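Here is what TrEMBL records for this protein:
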type	residues	note
DOMAIN	48-187	domain 'Casparian strip membrane protein'
TRANSMEM	54-77	transmembrane segment
TRANSMEM	97-120	transmembrane segment
TRANSMEM	132-154	transmembrane segment
TRANSMEM	180-202	transmembrane segment
Amino acid sequence: METDKSVKETAINMPEIKSDDKAKAPLLNSSKAIAVTVEQPNRGSKKGIASGDFVLRLFAMGAALGAAVTMGNNQQILPFFTQFFEFLAQYNDITTFVYFVTANAAVAGYLFLSLPFSVFCINRPLATTPRLVLVMMGITITAASASASMVYLAHNGNQNIMWLPFCQQFGNFCQTASGAVVGSLIAGTFLIFIIILSAFALK
């Protein structure tokens, strides 16, 4: 009788252990499947944002570099009476234009150096890198705004302080400066879009 009781006890205890293991196993497998399906869309969306960031950086770099080169080569010679006496207008005659060239050249250099980091974010979208785009955007907008005010004075002058417009004499100089300002504003617009994409990537 004692042997029969021991056999019955082992027969009752062993199925309970197996049933617990079987009940726990499907729960672990299902949780892993859910984790994988949630992670894949997030990674794909961040990779698309990183690709857009790289393209916008290229466009912004081209616009900023073009604005700096255009303004840096801006000059016009105005002959007066004879060819031995002439007026020369250059960008470095106006301090605001000097700041404009320096700022846009610095922004273009930063964007060029940041391209490898942007490519790294495309290959590894979940990696984070320090971003100075907000500072570069502020520098670009301030340089373009200050230069735009100088171009406006060159075209229209200021009668209250007796500043006469000189774009009637130096028309090519003013047109070139206006084109450089437009290019810098375009670069600032691209930088704004880069900041918007970075905000989406940080979510």
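Backbone N, Cα and C atoms are what each Cβ position is placed from, and that goes for glycine too.
Counting same-chain residues at least six beyond the ends of the transmembrane segment (97-120), those with a Cβ under 8 angstroms from any Cβ of the stretch are 50, 53-54, 57-58, 60-61, 64-65, 67-68, 71-72, 74, 91, 127, 129, 132, 136, 139-140, 142-144, 146-147, 150, 177, 180-181, 184, 187, 191.
Across the domain 'Casparian strip membrane protein' (48-187), DSSP classifies residues as 101 helix, 17 strand, 22 coil.
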